[in-house]
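All remarks here apply to the structure that follows.
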Amino acid sequence: MNSVSMAQKDGMLADSYTDNLIGTLLAIFGNLLVSISVSIQKQSHVTLAGNKDPRQYYYTKTWLLGLVLMVLGEGALFVSYAFAPLSLIAPLNAVSVISSSILGFLFLREKWKAQEFLKRYILTFLGCAMTAGGTYLFVTFGPNSHEKLNAENIVKHVISWPFLLYLLLGIIAFCLVLYYYKQRNANYLVLILLLVALLGSVTVITVKAVSGMIVLSIVGPLQLSYPIFYVMFVCMVATIVFQASFLAQASHLYDSSLIACVNYIFCTTFAIGGGAVFYQEFNHEDVLHICLFLLGCAICFLGVFLITKNKRKAKSFEPYVTMDMAKGIPTIHNKGWAVQPDYNGSFSYGALENNDSVAPVTLPVNHEQSVSPGPVSSYQPSELKKD
């Protein structure tokens, strides 16, 4: 009997390692595809703006290729939750940060001397190395326990008292933070992304449940007929929508690199906590494995911070474009002052063009009345209307 039970335990352990490997590879592959797709779509926008192409961006082949890669990447990430523990999949979002940095160097067209390039991007190199090392640590020492996510197990986890207590504390914290954010106008980045992370912990729990039941329905008994599947699906969609809303609000107030760093740290922390409470992923792990796993996550956090810190260096001139409807001319601004009107035949909103090698374009001049040059703008709205 003992030999039979040991053989069964070894077989279950081997299956768990196999599932973890499949889920980890899918998550890495999905994050790589997502980062590549974003870079391709950005390059498509830049190419259209530089070539003065009148086509809409979604008609270009490069943008459509990026869309296909993004769908494939998100699909791989979704399926990965069905195989590997939640605490192992969530920190792997750091892979997209590393790949985005590498792709940024590939698309970089500036020519640097080796010493200047190393001085400028030493923090990025160090951050990538630390993130890769931390990823190796938490993947190696991450939780290996994984159960089949059928409807019965999901219901059992939902009504368990640890999750109910976790959900109650999360709702209270969410309401308090939302009150200070909305009623007290506390537009701090920490508060906004804390709302995102609290919603994100519920999102990843429901994503894993929905993904697990779909995969189990394909390879085994059907799980889609149980009400818990649709409850989890509705919660998943609702939390994703509210997350996107809060992230959009944060993007209007703060730098995107800072948002990416803080959001990764918060969402990963709450996702690991949600997996530990709901799916009890660390119940069968020893203290040494848990400590090394947490050390790997901490190293990843520091690495992502260093990568994004290098992108947040202040620039002496950061132009933005507004469309003056009275003049009908897109104008480049710097700190609220008009710097140079862009009147070279293109009225596409938001198109910044590199005119370093192009001679200045002659502005329209009213022949009836001369226009005196000024330090900021050399024309008046009334004169443009006459012309």
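The backbone N, Cα and C atoms fix where each Cβ goes, and this holds for glycine too.
Automatic prediction, not curation, is the source of TrEMBL annotations.
Marked as compositional bias 'Polar residues' by TrEMBL: 367-381. According to TrEMBL, the region 'Disordered' annotation covers 366-387. Under the heading transmembrane segment, TrEMBL lists 20-41, 62-83, 89-108, 120-139, 159-181, 188-216, 228-248, 260-281, 287-307.
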Whether the transmembrane segment (120-139) meets the transmembrane segment (159-181): three or more C-beta pairs under 8 angstroms:
no
Hey, which of 62-83, 159-181, 228-248, 287-307 has the most Cβ-Cβ pairs under 8 Å against the transmembrane segment (188-216)?
228-248
Can you name the far-off residues of the same chain, 6+ from the ends of the transmembrane segment (287-307), with a Cβ under 8 Å from a Cβ of it?
87, 91, 94, 97-98, 101, 123-124, 126-143, 260-261, 264-265, 268, 272
What residues elsewhere in the chain lie close to the transmembrane segment (159-181), defined as a C-beta under 8 angstroms and at least 6 residues from its ends?
187, 191-192, 194-195, 198-199, 201-202, 273-274, 277-278, 280
Apart from its near flanks, which chain residues at least 6 from the ends of the transmembrane segment (20-41) lie with a Cβ under 8 angstroms of it?
57, 62-63, 65-70, 72-85, 88-89, 92-93, 95-96, 99-100, 103-104, 107, 139, 142, 144, 146
Which bits of the chain, at least 6 residues beyond where the transmembrane segment (62-83) starts or stops, bring a Cβ under 8 A of a Cβ in it?
19-20, 22-24, 26-27, 29-34, 36-41, 43-45, 47, 89, 146, 149, 204, 207-208, 211-212, 214-216
